[in-house]
Structures are given as structure tokens and as C-alpha cells.
Amino acid sequence: MMPSTTLSTVLSDINEFVVKQGHGVKGLSELGLQTLPNQYVHPPEERLSSMDVVSDDSIPVIDVSNWEDPKVAKLICNAAEKRGFFQIVNHGIPLEMLEKAKAATYRFFREPAQEKKKYSKENCPTSHVRYSTSFLPQIEKALEWKDHLSMFYVSDQEAAQYWPPSCRDDALEYLKSCELVSRKLLEALMQGLNVNQIDDSKESLLMGSRRININYYPKCPNPDLTVGVGRHSDISTLTLLLQDDIGGLYVRKLEHEAWSHVPPVKGALVINIGDALQIMSNGRYKSIEHRVMANESNDRISVPVFVNPKPNDIVGPLPEVLASGEKPVYKPVLYSDYAKHFYRKAHNGKDTIAFARIE
């Protein structure tokens with residue numbers, strides 16, 4: 001435990017220690033805190049209590065060992081429409097590769113603060129790599145109990161030059177291994193939207209860009225007072241999440257105030273529909289609010305891969321969806337504009353989708 005005088009100095013300027021010096025929330029947690037710093041205390045309405053959780057409800061787990069089976073596509077489309085979240089098993093990515101991605105996450109976050117801060121907004125020479133804490137610490141009223149490293153994939157050459165050596169090779173290998181799974185998922189989902197083939201223009205729109213994050217949620221002295229990640233929906237087409245065996249991801253039930261825990265399943269990937277696909281499907285597929293809760297017993301990690309349109313793509317309801325005369329619910333928007341809108345404010349549920357909604 002850090003001496004009380006030093007601890008009080010750190011607590012007097014959390015931003016300096018956590019953000020500027022690069023220690024992150026992990027460094028704060030390792031000081032031996034007995035109580036949560038005020039900067040991380042969230043208002044009661046943003047905390048999740050046991051009364052809000054539906055204990056007997058879980059999202060679907062789909063065996064995708066035979067992608068060509070029409071029943072698999074039907075299960076995927078049904079889950080996308082009714083839940084927005086599902087898990088897949090037997091997806092073809094070896095368990096060893098999943099474990100290597102987790103190990104790479106631990107390696108990076110165990111680096112000294114001075115090494116990690118090389119990848120902060122202030123120090124990194126590229127905007128495609130970013131080490132940060134919380135979501136938008138500069139504007140959030142209450143900070144999230146989380147550190148993360150985000151790596152936007154441009155090319156192998158750029159990754160070799162800018163991604164942290166401690167996690168680069170395994171993170172890149174895992175990101176690439178998710179590409180085939182993403183395509184198979186999208187082929188199934190497009191069947192439900194009367195899109196028979198993913199041509200070059202559709203491929204750009206659906207999966208033109210990719211980003212991998214590695215997330216670290218340290219154990220917390222007062223987890224009931226804070227959040228790991230606040231309520232939000234992703235702006236991606238799809239998100240493929242690898243989580244460890246700790247748990248802590250909660251998903252809102254469609255049209256309910258209740259939340260469901262997403263239990264870790266060994267070897268599984270958690271799949272969720274993003275805002276971009278909700279817009280493209282004209283609301284048929286659901287991008288659902290989710291959040292991560294802190295815990296006091298264990299550190300937790302996760303590795304999401306975000307499959308997105310290209311920044312210069314126009315995202316709107318697909319022509320095939322509207323071909324039967326269905327009225328559009330969303331207007332076409334430039335994806336980069338939509339993303340900027342998302343990153344301009346703190347997490348607040350599904351507020352971002354209103355940016356594309358036709359009034």
C-alpha cells in the first residue's frame with residue numbers, strides 16, 4: 001500500500017496521475033484504495049442494482065459449426081431482431097488464439113506507466129492508436145472505472161510501426177482471424193434483409209474498416225458506486241467481443257428497463273448489432289444498450305473487435321429493405337459524421353441513434 005501522504009497527493013490530482021502520467025485506473029487501483037475517489041462516483045440512476053437484473057434470462061448461444069445450415073442463419077437473424085446480442089460457439093477461431101489475445105491484453109497493461117503513456121493522445125504520433133482511461137475523461141461528470149487501448153487497422157505496415165510491441169502481433173493475428181467470422185455473420189444477416197450477395201460496395205459499407213480494443217477493468221473498492229462502462233450502444237456494424245471468465249457485461253432487455261447478464265462461455269464470442277446495422281436494416285436489427293459493472297474481487301479484461309463502414313461511406317436503410325415499400329425510419333448519414341457525434345459526448349444510452357432518425 002502506498003504511504004498515506006503520497007496517496008493523498010495522488011487523490012488531490014487524479015487527472016495528473018491517471019491520465020497525464022499514464023498510470024490509468026489500474027495504477028489507481030494498485031495504490032490500495034479503501035474507498036472510491038469522488039471522481040468515479042456515479043449518480044444512483046446510472047448504477048445497476050440487483051433489482052434491475054433479470055436472473056433467469058440469458059442471450060442466445062448459437063452453434064455456428066455449420067455456417068451453410070439455413071437454421072444457423074435463421075437463428076442469427078432472429079437473435080439480431082429480438083435481442084441484438086447473442087453468443088457464438090464453434091466459430092473456427094482456435095481457443096489457443098483467443099487465449100493469446102487475452103494474454104496480450106495483460107502484457108500491455110502490465111507495462112510501466114511511462115511506456116503506456118507513449119500511446120496517449122498527447123504523445124502518440126498517429127491518431128489510429130490510443131491509450132486512454134474512461135470514455136471521454138475530459139468531459140464526463142463521473143469517470144468510468146476502465147483503461148483501454150484502441151487500435152484502428154489501416155495496414156500491416158502501419159501496425160508494425162505504431163502498435164505497441166507488447167501486444168501487436170497477437171492482437172493483429174486475432175483481428176485478422178475475426179474477419180472470416182464477421183463475413184459469415186454478415187452473410188447470414190443480409191439474408192434476412194433480402195440481400196443475396198455482399199458485393200464490393202456492400203463489403204465496404206458493412207465491413208470496410210476494423211478496430212480492435214483491449215480493455216482492462218481493475219478491481220474496485222466500491223463497485224456499487226461506479227461503472228466499468230456506462231450505458232451505450234456501439235456505432236459499429238457488428239461488434240465481436242472476447243471476454244474472460246469474470247463476467248460483468250449487462251445487456252438491456254428490448255423495450256424493458258431490466259438488464260440481463262451475459263455469462264462467460266468458454267471459447268465463445270459475444271456478438272452485438274451496432275447502430276450502423278440498425279440503420280441499414282431500417283430498425284429490423286436492434287443495436288441494444290449495454291454496460292459493464294465494476295467488481296471488487298477480480299481484475300477483468302475484454303477484447304472487442306469493431307467491424308464498421310468506412311468513414312466516407314453513406315449509411316442509410318438498404319435499398320433491398322425498402323424495396324417492398326417500407327417507409328424509411330432513418331436518413332442517410334456520412335458515417336464519419338455519425339462517429340464524430342458519438343465521440344463528442346459522454347455515454348448516455350442510445351442517444352446517438354437520434355442523429356440519423358427521421359423526425
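Note that Cβ sites are derived from N, Cα and C of the backbone, with glycine treated the same way.
Marked as domain 'Fe2OG dioxygenase' by Swiss-Prot on the basis of sequence analysis: 201-309. Sequence annotations record features per position, and here Swiss-Prot assigns 2-oxoglutarate binding site to TYR217, ARG300, SER302. Annotated Fe cation binding site per Swiss-Prot: HIS232, ASP234, HIS290, in sequence order.
Sequence features, as recorded in Swiss-Prot, placed on the structure.
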{"residue": "TYR217", "record": "2-oxoglutarate binding site", "contacts (Cβ under 8 Å, 6+ apart)": "TRP145, LYS146, GLY228, GLY248, VAL292, ALA294, ASN295, ASP299, ARG300, ILE301, SER302"}
{"residue": "ASP234", "record": "Fe cation binding site", "contacts (Cβ under 8 Å, 6+ apart)": "ASN272, GLY274, ASP275, SER287, PHE306"}
{"residue": "HIS290", "record": "Fe cation binding site", "contacts (Cβ under 8 Å, 6+ apart)": "PHE85, VAL229, ARG231, HIS232, SER233, LEU249, TYR250, VAL251, ARG252, ASN272"}
Per-residue Cβ crowding (10 Å cut-off), top of binding-site residues HIS232, ARG300: ARG300
Local Cβ density at SER302 (2-oxoglutarate binding site) - other Cβ atoms counted within 10 Å: 25
Composition by DSSP (helix, strand, coil) of residues within the domain 'Fe2OG dioxygenase' (201-309): 16 helix, 43 strand, 50 coil
TYR217, ARG300, SER302 excluded, remaining Cβ within 8 Å of their centroid (2-oxoglutarate): LYS146, ASN215, TYR216, GLY228, GLN243, ASP244, ILE246, GLY248, VAL292, ASP299, ILE301
Site extent for 2-oxoglutarate (largest Cα pair distance over TYR217, ARG300, SER302, Å): 9
